Amino acid sequence: MTEATATYPALDKRPIANTVVLFDVDETLTPARRHASPEMLALLAALRQKVAIGYVGGSDFSKQQEQLGTSSIPVTDLFDFCFAENGLTAYKLGAPLASTSFIKWLGEPKYKQLVKFILHYIADLDLPVMRGTFVEFRNGMINVSPIGRNASQAEREAFNAYDNEHKVRETLVGILREKFSDYGLTFSIGGQISFDVFPKGWDKTYCLGHLENEAKVPGGIEYTTVHFFGDKTGKGGNDYEIYTDPRTIGHSVLNPVDCMAQIKKTFDL
Ligand code: M1P
């Protein structure tokens, strides 16, 4: 039986029913922007027999479908909770939960000031390679990439090495934090070629509110234990806030292989 066709006990009938285990996506469940391995999916399916499982990623939902699901398996079949864009787009057992929007929160005039400044700044950079889609507009955030999101895998890796040396993203983030200090925004470097911009508090801890709401729905569950596994758990990383949040038990992983070893050890699988 594959992960997708497997059946799972109802959430309130799982052997450890008050516990939910959340995972970051890139470099935790999958290599950055790549597919999850069959071994990882099989291990998650085994874990799901015991507890509720979910992922919380900075990326938008379509990227997580690409990385964790397949053309015939929706990612919402593989996890009890799917939290895209830090939980701004959210599903429980395949059904959408309430969502909020970045543009509604910020308003068009401020958004235009911000995006115009970013595009001018990027236009003046002199990078070895530049591609397209420098600002990706999402429901709960914008994602800014100096090389452009259309970079190929090889170009993305080359940019990442260049950025580690020349601190292109770190410098731009520093400038934006200062210039737009009155906007109430967080600038978070979570991946290889870009950084995310969203309102303060809309980091990965945002998804914990959805879990807390579960206790309020009829027959819902109060999740008293929330595990979180992520790789960018240091200060400034996009897993830091949820990893250090008092409502979670944080696990810092090096990569998907290490994550699998830690899941097996923690949950006796
Ligand atoms: O999940 C981590 C990050 O993954 C992508 O980053 P990049 O393309 O730079 O590797 C983005 O989707 C980003 O939003 C996300 O935080």
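Every residue, even glycine, has its Cβ placed from backbone N, Cα and C.
Because TrEMBL annotations are produced automatically, they should be read as predictions rather than curated entries.
Take the Mg(2+) site that TrEMBL assigns to Asp24, Asp26, Tyr243, Asp245, Thr248: the candidate from Asp12, Asp231, Asp258 listed for it is Asp231. Among the residues the record lists as binding alpha-D-mannose 1-phosphate, namely Arg33, Arg138, Arg149, Arg156, Ser194, Asp196, the two farthest apart have Cα atoms separated by 20 Å.
Reported as a whole number, the C-alpha separation between Asp26 (Mg(2+) binding site) and Asp196 (alpha-D-mannose 1-phosphate binding site) equals 14 Å. One residue stands out among the binding-site residues Ser194, Thr248 for having the most other Cβ atoms within 10 Å of its Cβ: Ser194.
Here the CA atom of Asp24 (active site, nucleophile) lies 15 Å from the CA atom of Asp196 (alpha-D-mannose 1-phosphate binding site). Taking CA atoms as the reference points, Arg33 (alpha-D-mannose 1-phosphate binding site) and Thr248 (Mg(2+) binding site) are 25 Å apart.
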